[in-house]
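Reading through the structure tokens given below for one structure.
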Amino acid sequence: MIFDNNIFVLLALIVAFLVAFSATPMVISLAHKVNAIDVPKDPRRIHKKPTPLMGGLAIFYGFIVSVICFGTIDREVMGILIGCVIVVTTGIIDDIKEMKPIVKLLCQILAAAVVVYCDVRIEHFANPLSQWIGGPYIVLDYWASCAVTIFWIVGICNAVNLIDGLDGLAVGVSSIASIAMLVLTILSQNLNVAIISAAVAGAGFGFLPYNYNPAKIFMGDTGALFLGFILSCISIQGMLKMSAVITFAVPVLILGLPIFDTAFAIIRRVLTGHSPMQADRGHLHHRLLDMGFSQRRVVTILYTLTAVLCMTAVVISIKGYVRGLILICSVLVIILVSLKIMGELKDPSEYISYNADEQLTEEEDYDEKD
């Protein structure tokens, strides 16, 4: 029986991959027709030429086809799908004609409210300090549950959006995170959420070849809002509603890169007297670029960091905190030492010059292929 269930999960991943991969060229054509094009206008932009947006539509298409084919559409899943439609529609409109931030935020809150109405809520989570303080669970009343859930969903939507600064970064990180969620939901025998996780992973990896540097298309707000929304919902439905083995630390670790990068961005801007909403070049991927790494190397580093955080989350959920902390500390030391060594190989100015030439060469090769 377990084998049969895993076959459905595998099929969900494969179908989502194939549909997203096949749909992306059509979305590229559509983006040109509706003028959903990102034209670099400010120094923060890493790319130098106009690139079509709305790639998230292909990801969503692969996801929705797979879930409809293999998933069970109950009340909770229906709420999640309706919320997905709301954020994807919001993203499409924003990619074509930029929306006011407050309007976009209200649309995200609406999507989260639909999910809450359909009983997808953070009702409780395990208390990691239960041996010293309180009981095994931290239980939320109804209104606190609604507020925390909406804050979590909207927060993750924007966190994924903020790391979408390099070719392939956000979709790759999200796909790796969804694989970790897939593993945990399979281990807990939560078949329906496992299928949803597999659909997200498959659709993300299906889109990635077109988004990897040099990108033929960006996923835009269509993709960033969708991936943030669906990952936050999976984390609620697949992990935070599970037994005491899964604590709040697990989904936070799995989504650690966007969460911590966003948190540090807000703190940095507030401490320097700027608005938390003001864009800057202080994100982790910008700092790695300034160290002299190329786009592809930065993305690889951040993929690796995400994979480490995800593996740690899985180890914590299975073996406990001690082994998880040993794993993450050991690997992070290796990563930091490696970055230090690589960062000292050349003078930073030489790196920047080299990377500029490398990037130009990549774009020229890409143009020749087209």
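Cβ atoms are placed via backbone N, Cα and C, with glycine included.
As annotated by TrEMBL, Mg(2+) binding site applies to ASN161, ASP221. Every protein chain shown contributes to the tally, and the Cβ of ASP221 (Mg(2+) binding site) ends up with 25 other Cβ atoms within 10 Å.
If you look up TrEMBL, you'll see 6-31 (among others) marked as transmembrane segment.
Summarising the annotation, TrEMBL assigns transmembrane segment to 52-73 (among others). Long-range contacts of the transmembrane segment (52-73) within the same chain: residues 8-9, 11-13, 15-21, 23-24, 26-28, 30-32, 34, 36-38, 81, 84, 88, 91-92, 95-96, 171, 192, 195-196, 198-200, 202-204, 206-207, 210-211, 216-227, 230, each at least 6 residues beyond the stretch ends and with a Cβ under 8 Å from a Cβ of the stretch.
Taken from TrEMBL, the feature transmembrane segment applies to 79-96 (among others).
Among the features that TrEMBL reports, transmembrane segment is placed at 142-162 (among others).
What TrEMBL records for 169-187 (among others) is transmembrane segment. With a threshold of 8 Å between CB atoms, the same-chain residues lying at least 6 positions outside the transmembrane segment (169-187) that come near it are 6, 9, 13, 59, 160-161, 163, 193-194, 197-198, 200-201, 204-205, 207-208, 211-212, 219, 223-224, 227-228, 231, 234-235, 238-239, 246, 250-251, 254-255, 257-258, 285, 298-299, 302-303, 306-307, 310-311, 313-314, 317-318.
For the transmembrane segment (193-212), the residues of the chain that approach it from at least six positions outside its boundaries are 5, 8-10, 12-21, 24-25, 28, 55, 58-63, 66-67, 70-71, 77, 80, 167-168, 171-172, 174-175, 178-179, 181-182, 185-186, 218-219, 223, 227, 230-231, 234, 237-238, 299, judged by C-beta separation under 8 angstroms. Summarising the annotation, TrEMBL assigns transmembrane segment to 193-212 (among others).
As annotated by TrEMBL, transmembrane segment applies to 224-240 (among others). For the transmembrane segment (224-240), the list of distant contacts is 56, 59-60, 63, 76, 80, 83-84, 87-88, 90-91, 108, 111-112, 115, 120-122, 125, 149, 152-153, 155-161, 164, 170-171, 174, 177-178, 181, 184-185, 188, 190, 193-194, 196-197, 200, 204, 246, 248, 250-251, 254-255, 258: same-chain residues at least six beyond its ends, Cβ to Cβ under 8 Å.
If you look up TrEMBL, you'll see 246-267 (among others) marked as transmembrane segment.
The transmembrane segment annotation in TrEMBL covers 298-318 (among others).
Annotation source TrEMBL lists transmembrane segment at 324-343 (among others).
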Taking a Cβ cut-off under 8 Å, which residues six or more beyond the ends of the transmembrane segment (142-162) line up next to it in the same chain?
-> 83, 87, 105, 108-109, 111-113, 115-116, 120-123, 170, 173-174, 221, 224-225, 227-229, 231-233, 235-236, 255, 258-259, 261-262, 265, 283
For ASN161 (Mg(2+) binding site), which residues of its chain lie six or more apart in sequence with Cβ-Cβ distance below 8 Å?
-> ALA170, ASP221, ALA224, LEU225, GLY228
